[in-house]
Structures are given as structure tokens and as C-alpha cells.
Amino acid sequence: MFGGAGGRGSRASVASLEGLRNILRNETEKDSAPPAPAPAAQPAAPAAPAAPADDKQTLRGLNDRLSGYLGRVRQLEKENGGLQKQIDDILAKRKTPAGRDWDKVEQPLDDLKKQVNLTLDNAKLLLQIDNTNLANDDFKEKLEDEKKDRKQLEKDLEDLKKTIEDTKMNVKQTQKEIDLVKEEIEVDVLREKIKDSEVTVEIDSLNSNLSEMLNKVRGQYEKLAKKNLKETDDWYQSKVRHPEAQTNEAFVTGKTELKDLLKQKQTLEIKIQSLHSMETLQSTKVEYGQRLGPLNKMILDLEKELKEVRAEVERLVETNKNLLCVKMKLEAEIDNYQQLIHGMTVEPER
């Protein structure tokens with residue numbers, strides 16, 4: 001029971017409680033007024049950042065807003081504690097009047113506590129939504145950039161594969177032509193060896209073409225064959241007049257010389273064919289030399305282009321690695337901010 005004296009004490013206590021209730025209502029209106037504009041100021045917060053620096057600035061702003069909310073909540077709790085202490089002191093000094101329902105007196109305080117808790121929860125949810133939206137937008141932009149870089153890299157790799165295949169085909173074709181030229185050169189060398197092993201015929205062909213040279217050689221050897229044949233015939237006719245014992249020897253000698261002449265004729269025919277082959281080989285060398293010139297230039301250009309493509313691929317790989325490192329750093333910073341925000345939200349609850 002409270003210690004009071006008569007009706008005056010009751011009226012004084014009632015008057016004090018009414019005044020206290022008015023004070024609490026005024027404090028409630030004042031305290032509830034600042035958190036109300038929080039949703040109205042919300043649309044300006046989720047502005048899409050254009051760069052990681054803007055994201056950090058936005059997070060700092062949100063952290064400052066949360067710190068303001070938390071400071072306001074602490075102030076309200078402190079004021080609420082002071083009011084509760086005053087109420088407890090008044091209740092300790094005075095007896096409860098008959099028929100007074102103190103639950104109605106404490107109801108505004110409970111409503112104020114609920115409103116403070118709702119405001120704090122609302123601020124936390126808004127901050128989490130803003131952080132989530134910012135992180136989501138940032139990851140979407142990074143994902144789009146990574147997709148574009150991947151498509152460009154795949155396109156460059158396909159072009160590089162095509163270039164390598166074309167280069168391989170050109171190298172194979174060039175190698176075949178080089179092998180053909182080598183074979184023809186080997187044939188030329190063998191013919192030169194055959195020419196050196198046979199009887200050497202000196203021909204002054206500096207100012208005449210190959211056809212005239214061949215006709216001249218053919219004419220010389222035909223004259224030589226006719227001359228040898230005539231000499232053999234004259235010698236044989238002269239030997240016929242000798243005794244019969246010398247006839248067999250002369251016949252054998254003439255036959256041997258005839259064989260030698262036939263061998264010389266075959267040798268001359270081989271040399272004539274060699275000269276024809278030399279002319280063909282020379283023209284072939286010139287033709288392949290003209291064909292190999294552009295191919296060699298093409299090979300050099302392709303090798304240069306291949307080096308440039310390799311350098312570009314290495315640059316793209318390095319750029320991709322750098323972007324991945326930046327992405328990991330940003331994720332680490334976002335985790336640190338989330339941990340910081342979580343720590344700041346957990347501390348007031350304690």
C-alpha cells in the first residue's frame with residue numbers, strides 16, 4: 001500500500017500521473033516523428049552505382065544512417081529508462097489509489113517500445129535491402145562483362161584455330177612443292193654426273209639457243225658416223241683383196257668398230273635427251289621459283305600474324321586474371337562490410 005493522506009494526496013498523485021502521461025505522449029510524438037520520414041527518403045538510396053568507389057560511398061552513407069537510427073534508439077531507451085525509474089519512484093512513494101488501472105498507464109510505454117523496435121527493424125531491413133540490391137547490381141554487371149569477355153575470347157580462339165589450320169595446309173602444300181623441286185634437283189644432279197662420266201663434247205652455246213646446239217651436235221655426230229662408216233667400208237674393200245686368211249680378221253675388226261660406233265650413237269642420243277631435260281629442268285626451276293616466292297612471303301606473314309594472335313591471347317588471359325583478382329577483392333570487401341554491419345546490428349541487441 002502507498003503512504004498517502006486523504007483526497008488531496010490522491011488528487012496530487014492523480015494530477016502528477018496525468019502530467020506524466022501528457023509528458024510521455026509528447027515524448028512519444030517527438031520520438032516517433034523522426035523515424036517516419038525514413039521510408040520517404042528511401043527511393044534516393046538505391047541509386048545504381050557506376051563504380052566500386054560509388055558503392056563504397058553508398059555503403060558508408062547507409063552505415064551512417066544506421067548509426068543515426070541506433071543512436072536515436074539508445075537515446076529513446078535511455079529516456080524510457082529514466083521515465084520508468086521516475087514511475088517506479090512515484091509508485092514506491094505513493095499507494096495505489098482505489099480503482100486505478102496502472103496497465104493503462106504503462107500501455108503508452110509499451111506502445112513506444114514496440115514503435116522503437118519496429119523502427120529499428122525497419123531500418124535494419126531497409127539497410128539489408130539496399131546492400132543486397134547494390135551487391136546484386138554489381139554482380140550482374142560483372143557477370144555481363146565476364147560473358148562478353150568470354151565470348152570475345154572464344155571468338156578469338158576460333159579465329160586462331162582457323163588461322164593455324166590454314167597455315168598448316170599452306171605449309172603442307174609448300175612442303176610438297178619443295179619435295180618435288182628437291183627431286184627434280186636430284187635428277188638434275190644425277191644427269192650432271194652421267195654427263196661428266198661420258199665423253200665430253202665442247203659446244204659454244206653462249207650466243208645460241210638449245211635447239212640450235214642440239215641440231216649442231218646431231219649433225220656433227222652424223223657426219224662422224226658417216227665418215228667412220230665410209231672408212232670402215234674402204235678398209236674392208238681393201239682387205240677383201242688380201243688373201244682369204246685375212247678376211248676373218250678384217251670382218252671381226254669391222255664388226256668391233258661397228259659396235260663402237262653404235263655405242264657412240266647411243267651415247268649421243270642420251271646426251272641429246274639430257275640436254276632436253278636440262279632445258280625442261282631450268283624452266284621448271286624458274287617456274288617453281290616464281291611460285292615459291294609468294295608462298296614464302298605468305299608463310300612469313302602467317303607466322304607474324306600467328307605471333308600477334310598469340311600475344312593478343314596472352315594479353316586477354318592476363319586481363320581475365322586481373323579481372324578475377326579484382327572480383328575476388330570486391331567480394332572480400334563486401335564480406336567485410338556485411339560482417340561490420342552484422343556486428344553493428346548485433347551489438348545493440350545485446
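Every residue gets a Cβ built from N, Cα and C, even glycine.
According to TrEMBL, the feature region 'Disordered' maps to residues 20-61, out of the candidate ranges 20-61, 272-313. Model confidence over the coiled coil (129-227) is summarised by a mean pLDDT of 72.
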